[in-house]
Amino acid sequence: MAGLGIDIGTANTVVCHQRRGVVLDEPSVMVVPASGARSRRVRPLLVGNDARDLVGRCPVGLTTMRPLHDGVIVDLEAARGFLVGVMSKVAVPGWQRVRPRAVIEVPAGATALERRALLEVAAEAGIHKPSLIPEPIAGAVGCGLDPLEPRAHMVMDVGGGTSEVTAFCYGGLLAHRSSRIAGDELTLALHRYLRAEHQLLVGELSVEALKCRVDLDEGLSSVVQGVDLATGRPRLVTLESEEVLEALRPTVDAILAALAGALDDLPPQAAEDILTDGVMLFGGSTQLRGFAKLVESAFAFPVRMSARPLTCVAEGAARCLSDRDVVHAYEDSFVDAM
Ligand SMILES: Nc1ncnc2c1ncn2[C@@H]1O[C@H](COP(=O)(O)OP(=O)(O)OP(=O)(O)O)[C@@H](O)[C@H]1O
């Protein structure tokens, strides 16, 4: 029976069916009764897209919850409730009785405890014999790289909660740097800038939408609506491109520091492979306009952008269901084993 590749991210969850392709790509958020948020059994009322619509506008008695923080499970019960909700969304008639197999990605820097927590949650959510794969390896497979060949590759995954830079070769990790500075921090930087420099308070969803419009490179200005901090009335502000760079550059530089660190950790022969082949970018935040160009100019090696930066991890995990060699080679390749 065909199985699933699952990418439970801080910002988005993607499920890829081995034969049908991506069957779910929705925000990692759920709505629960406020009284039930701390109870022993978390039963979400809404999961994914439906829940996202209520972010920042939840009525009294309800609250939104994110099951993951910085790419890892912090609340086992919340994560179990969320995964049960996700599995019921992707279930097709007949599946209720058949427990699907799955390969689930987990950050390469996740601890043994965090990995065990994810396996427990997956089994409780009805997944049969779940196996784990480091997220960068799943992403690499989804981008068409071969993590078993005797040549070094480097990938950079900038998601919502974490940025990870990983080099690997012949079934093992060569270098890994991870930072908790990623897309959420970029959103926060814009939010703080608008508040401090324009005295404008902007909602969470609106700042995120603004981040997806701005450009670090082109001289484009963007208009944003918010609430004036002094008068409490709605106001429009035009954000000039220099301001976008001023607001985002320190956060982008902190993300790039992980790439510089991983390059420093490489043995010389592997570094040569990377300088020739460059780095593959994926993860939603690498879609920030002008980001790839900044990486290229900072490091002067080729930068390739995944064709599907948001779904390649789940697609790679699904592909690994039929290529167990990759799963076996990397199942113990986590940073705590390096
Ligand atoms: N066009 C865009 N421009 C800038 N940022 C974007 C764009 N599209 C999505 N993002 C950002 O990408 C992030 C989500 O990316 P992704 O789905 O890869 O993260 P994730 O896998 O859930 O997180 P993590 O890997 O940290 O657990 C969010 O912060 C979102 O704002």
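Placed from the backbone N, Cα and C atoms, the Cβ positions cover glycine too.
TrEMBL entries are annotated by machine, without manual review.
Source: prediction; values computed, not measured.
Annotated in TrEMBL:
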type: BINDING; residues: Thr10, Ala11, Asn12, Gly160, Gly161, Thr162, Glu208, Ala209, Leu210, Lys211; note: ATP binding site
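Positions of the features from TrEMBL, shown on the structure.
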residue	record	Cβ within 10 Å
Thr10	ATP binding site	22
Asn12	ATP binding site	22
Gly161	ATP binding site	21
Glu208	ATP binding site	19
Leu210	ATP binding site	21
Discussion item. Please give the maximum pairwise Cα distance, in Å and rounded to a whole number, for the ATP-binding set Thr10, Ala11, Asn12, Gly160, Gly161, Thr162, Glu208, Ala209, Leu210, Lys211.
Written reply: 20
Discussion item. With DSSP assignments reduced to helix, strand and coil, which class does Asn12 (ATP binding site) get?
Written reply: strand
Response to the item:
Of Thr10, Glu208, Leu210, the binding-site residues whose C-beta sits under 6 angstroms from any atom of ligand 1 are Thr10, Glu208
Worksheet item: Where does Gly161 (ATP binding site) sit in the DSSP three-state scheme?
Response: coil
Worksheet, complete the sentence: Simplified to three states, DSSP reports Glu208 (ATP binding site) as helix
